[in-house]
Amino acid sequence: MVNQTSVNEFILLGVGDIEELDPFLFVVFLTIYFVNVTGNGAILAVVISDPRLHSPMYFFLGNLSYLDICYSTVTVPKMLENSISTNKAISFLGCISQLHFFHFLGSTEAMLLAVMAFDRFVAICKPLHYTVIMNPQLCALMALTVWTIGFFHALMHSIMTSHLNFCGPNHIHHFFCDVKPLLELACGNTELNQQLLNTVTGTIGMSTFFLILHSYFYIITYLFLKTHSCSMLHKALSTCASHFMVVMLFYVPVLFTYIRPASGSSMDQNWIIAIMYSVVTPALNPLIYTLRNKEVKVALTRMIRRRL
């Protein structure tokens, strides 16, 4: 990925034009990032260390926690640095690298959420065959598949974007390097890049989202038609509710950002929505899973008591 243009760095303008708010925003985003790393790190540690959680559901939850830590780390540290620094520059290579890892981890998370929905479908609708279907080999293969597809999806965007000509303004109206803001700065034809963003990224987002909705439609139908025990129904719905809340928090802003036409978007809308799915949602995920999942709460309590 060689930059053949006159621009060798970009200026990230951040999340607002009022510089007096920068110290306040620094504290807010640092707190959210700390909650993210601490919460997801605790879930990851307990899933690895507690043998009672060595099941497909918690294997994928561990993957999600690791993804959320990395996903926010791609953007938040640079945003924190820029909020207290007068130098808001990022090199061309740094910008493309940030774009690559953002799309790599973001698309991987989207597909992982679909895999987690499939896991819940098998656990609830085919309980007698669950251990046979969701065996360790299949779980590892599914995890490896979504990570691999996510990597090559991001590689496509990073290569295509790095070969664009940037000969004019280098100010990015965002707090990180993303495809859409860079396409607005490119000189020349960006139609192919836009088509790839709409078709490939759009297909990954929409297909995984509909797979999740499809899984939950079957789960809810099965529960109401086949389950006669109120306690079993409540337990199953409670387990699914945690995952569905995470899905909605992640997918709604992502689909709104990448599916809508570029002409219909504003700069303020872009960074507000991006903060929701890249900063806030990863920090909320551990709270959602620990508050609504008794097994995780018990395992965390045991781990804390062992350390004291």
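Just so you know, the numbers here start at 1 and follow the chain as drawn.
Yeah, the Cβs are placed from backbone N, Cα and C, and that goes for glycine too.
Here's what TrEMBL has on this protein:
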type: TRANSMEM; residues: 24-48; note: transmembrane segment
type: DOMAIN; residues: 39-289; note: domain 'G-protein coupled receptors family 1 profile'
type: TRANSMEM; residues: 60-80; note: transmembrane segment
type: TRANSMEM; residues: 100-118; note: transmembrane segment
type: TRANSMEM; residues: 138-156; note: transmembrane segment
type: TRANSMEM; residues: 204-225; note: transmembrane segment
type: TRANSMEM; residues: 237-259; note: transmembrane segment
type: TRANSMEM; residues: 271-291; note: transmembrane segment
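Outside the transmembrane segment (237-259) by six or more residues, the chain places 64, 106, 109-110, 113, 116-117, 120, 124, 180, 197-198, 201-202, 205-206, 209, 212, 216, 219, 223, 265, 270, 273-274, 276-277, 280-281, 284-285, 288-289, 292-293 with a CB less than 8 A from a CB of the stretch. Among the recorded stretches 24-48, 100-118, 138-156, 204-225, the one sharing the largest number of Cβ pairs closer than 8 Å with the transmembrane segment (60-80) is 24-48. For the domain 'G-protein coupled receptors family 1 profile' (39-289), the model's average pLDDT works out to 87.
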